[in-house]
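As structure tokens, the structure follows; a few thoughts come after it.
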Amino acid sequence: MATFILRRLLQTVIVLLIVTMLVFLIMQLLPGDPARIMLGSEATQEQIDLLREEMGLDQPLPVQYLHWLGNVLQGDLGKSLYYKDAVTGTIATRLPITLQLGIYSLLLALLIGIPAGVIAAVKRGSAWDSAVLLISNSGISIPSFWLAILGVYLFSMQLGWLPVQGYVSPWEDFGESVKHMLMPIFVLALASLASIARQTRSAMLEVIRQDYIRTARSKGSKERLVIVKHALRNALIPIITLLGLQLGHIVGGMVFIESVFNIPGMGRLIVQSILNQDFIVVQGCVLVIAAIVALVNLIVDITYSYVDPRIHYE
């Protein structure tokens with residue numbers, strides 16, 4: 001196990017290093033001069049050239065990359081061209097909101113998706129099974145941004161049950177925070193919930209056909225014990241694999257969801273920074289999100305061995 005963890009840690013570091021290179025190169029290819037953006041349209045060419053020299057933008061790209069990477073390793077992601085603040089500080093104020101939205105969405109998807117898939121598999125061919133398949137296929141097919149707009153129109157504008165948009169910290173007013181976050185969390189969780197339910201159903205159907213399940217039943221074990229202890233535990237392996245993929249879906253969906261519901265998180269910050277040509281902030285946001293996704297996937301890989309001891313990595 002220790003060897004596997006060290007190997008995966010090394011792979012994660014390499015992946016993040018490659019991500020930093022790609023992010024840096026993509027930002028360099030985008031139109032716009034950071035020095036000109038910072039000084040404004042009234043600046044002279046001499047002032048722009050002087051600032052470019054101060055920022056190191058006149059250096060070759062490899063030198064610029066190594067300088068930027070060195071600053072990143074020290075926790076310095078640069079200075080925002082638009083907000084004029086440190087990117088690290090700007091991200092620090094937005095990241096907790098995005099984590100709150102993402103974690104609650106994933107928990108909701110798990111708490112509903114896994115039981116729904118298990119019951120659908122156990123009651124294969126029933127009305128419940130048909131309903132789970134219908135909802136799963138619909139949830140996967142419907143785009144998140146369209147569902148978000150529909151939810152705002154129906155539950156906010158027509159029925160008036162929930163706020164149209166905005167964010168309230170749970171530390172300020174917990175009740176209002178729940179009202180503001182309820183619809184974004186549900187919209188963001190729906191596609192993941194649908195995928196998890198469908199994957200759980202498929203995995204459970206495969207597992208409950210195995211000989212050891214029939215053996216457990218023939219020994220007089222209670223059906224609930226057979227399903228939970230024997231079947232579900234072995235069916236969790238592909239579900240855990242799916243979680244890493246769903247994290248990427250949730251991260252991508254946050255860009256649209258936070259924009260539609262006016263939530264001041266990382267997704268909305270990325271959109272605003274792109275519109276403002278604040279590429280340094282975009283660069284920092286993408287790097288932080290990539291680091292979080294890589295870390296979660298590392299945790300998912302390590303979790304395999306605890307779910308199923310038959311798996312050996314060394």
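Numbers here mean position along the shown chain, with the first residue as 1.
Note: Cβ is positioned from N, Cα and C throughout, glycine not excepted.
Just so you know, TrEMBL annotations are computer predictions that nobody has curated.
The domain 'ABC transmembrane type-1' annotation in TrEMBL covers 95-304. Positions annotated as transmembrane segment by TrEMBL: 12-30, 101-122, 134-161, 181-197, 235-260, 280-300.
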Winner by Cβ pairs under 8 Å against the transmembrane segment (280-300), considering only 12-30, 101-122, 134-161, 181-197, 235-260: 12-30
Folded-back contacts onto the transmembrane segment (12-30), same chain, C-beta under 8 angstroms, at least six residues removed: 61, 64-65, 68-69, 72, 279-280, 282-283, 286-287, 290-291, 294-295, 297-298
